[in-house]
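What follows is a short report on a single structure.
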Amino acid sequence: MWKLLPAAGPAGGEPYRLLTGVEYVVGRKNCAILIENDQSISRNHAVLTANFSVTNLSQTDEIPVLTLKDNSKYGTFVNEEKMQNGFSRTLKSGDGITFGVFGSKFRIEYEPLVACSSCLDVSGKTALNQAILQLGGFTVNNWTEECTHLVMVSVKVTIKTICALICGRPIVKPEYFTEFLKAVESKKQPPQIESFYPPLDEPSIGSKNVDLSGRQERKQIFKGKTFIFLNAKQHKKLSSAVVFGGGEARLITEENEEEHNFFLAPGTCVVDTGITNSQTLIPDCQKKWIQSIMDMLQRQGLRPIPEAEIGLAVIFMTTKNYCDPQGHPSTGLKTTTPGPSLSQGVSVDEKLMPSAPVNTTTYVADTESEQADTWDLSERPKEIKVSKMEQKFRMLSQDAPTVKESCKTSSNNNSMVSNTLAKMRIPNYQLSPTKLPSINKSKDRASQQQQTNSIRNYFQPSTKKRERDEENQEMSSCKSARIETSCSLLEQTQPATPSLWKNKEQHLSENEPVDTNSDNNLFTDTDLKSIVKNSASKSHAAEKLRSNKKREMDDVAIEDEVLEQLFKDTKPELEIDVKVQKQEEDVNVRKRPRMDIETNDTFSDEAVPESSKISQENEIGKKRELKEDSLWSAKEISNNDKLQDDSEMLPKKLLLTEFRSLVIKNSTSRNPSGINDDYGQLKNFKKFKKVTYPGAGKLPHIIGGSDLIAHHARKNTELEEWLRQEMEVQNQHAKEESLADDLFRYNPYLKRRR
């Protein structure tokens, strides 16, 4: 801002502040700069104008250009040098100007005005820029040593606030410059800056009495201290505040790493990077290096300095409670603050050890990631021995819902067979963290837990279908648990199980460690396919029979649903093509499809027990019954087909009935002889025709359109004039006749009053 200060002579009084874009006339009457007691001053002696010569108003090294134009009679002198009349000259700060010859001397000075705004909205910045521009100043976004004011609506602990306090610059509201501009335009005293201090809005400080005025103590607040920054972003943000406060700021990285004694030197403050904060993006290698430095400081009884302590040390003008590595951390601090603000949150977080990451998702082998009810806070081994898996599977089978004692042994054998089958096909297990029911709980609670676990594990939403190898593939514990549970539930739904299945189970349970490459395997793939076919057909038949009866208990219904889903899941995994054959039984009509049961089982020449022979005979009897039923159903189907073929034939001779209206018709409207009644052997032929109605052949004659002519009521002026004249003539004759009658009327019989 340019100012014209009176130095000596008649021109005394207050200085004149010059706004940009305004012409100030110097004279003795009716002008902006008035010099009265000098006879050598002309009425329009000279003109002062201040304007910006650059378009970029953010360049603080450029100031408005002040020009002086002489229009006087006795002359104007700049630094005792007379100007030419009618010419302009550029003035500099400190130049002396003399108007006239009687010693009216002035001095030109430029007062810098560079305002830095913080936490202002768009409208506030626009109004501030306009006011500062008229006052001849600049507005900048980043704090520098040239800044003279910090403009804020409310004081928050930011980097700009810290730098302004250290440099001793005032913090004012935006309204200060608006009022200042009004005072200059009205030639009044500028407003008091103390009345425009913004309020303190910082939760970490609270209602403490804080002096935010320019204090000399803050200029050397960090003298003798060296702040070590381990992050380049922090160094760029906070180094200027440390340097303004008389301290030294250094950036230490892995490339230029110093010795450990450097970090332990007195007066050295290591700034906390806040690696525990999830918002800071730091590479893992750099995190390890930073963590090693933090551990070294802890071993020596030192602590890192949070970012917020730098700002609080400047505000309270002390480094005893703040920025002291050997002192205790003060309450109400936060280790790091995102962005330029140092006060966007207030919480105590001084622990340097990174907390264990909380994984809210657990990954099950060969499945998609899903939400789990528990947190996985520790690493678990990926491979576990087969013996441990067997124990867990047996525990699951023991905790299953209670069945009759006769079925318990078969369910245990089924679990053994499923385990050995998993061993033959899958050499390695991948254990995933799943929920196991407790053994010590009651049986009812265990059954509910297993049902809920089976539903959660088996009815999972999957977005992808993965291709699986036929031979070399890994099976998770969930899949093996599915096989075991399916076999156990099969035993529950099958009261009469073939003894061949039990014999094979017992034989395999005795010889569990079976090699996949051995040629003497008793449990081959063909056996597995045939057995699972029989079990699947029987299980589905049992389910259909249950659906016809009344609903039993809720637990049995849940088991049936789980069993049905298990068979759907085990089909692609074990590569077994189960052909489900449905059997429907009704009271009146029995219809069964043809069933071809072929068992190509190859067994060894070992002795078969009597129980197995009896079961084989029962199966042969069942096959015969099924064949007879299939023949009976085939006969019924053939008879039904014949009836359907006969019913498809339509009647040939029909009586055609027509409904006629009682209206006289033209002879040409309808020709009944033209109707063809002989349609041959056509099926579904339309043997009717729409009945005509009167007027169907042609449109009725409607009066309209061109038949109608619009009637326009035109006035005949000649006829009207003639009629008017005739009326006037008749009226005139009537008047004349009435006058004549009055003259010659004589009434001899007068009525006299008595």
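Any Cβ shown, glycine's included, is placed from N, Cα and C.
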Listed range which Swiss-Prot flags as motif 'FxF/Y motif', given the options 130-139, 220-229, 290-299, 740-749: 740-749
Listed as phosphoserine by Swiss-Prot, one of S477, S509, S611: S509
Selected residue, Swiss-Prot feature phosphoserine, from candidates S195, S397, S630, S738: S397
Confidence summary (mean pLDDT) of the region 'Interaction with MTOR, MAPKAP1 and RICTOR' (221-402): 66
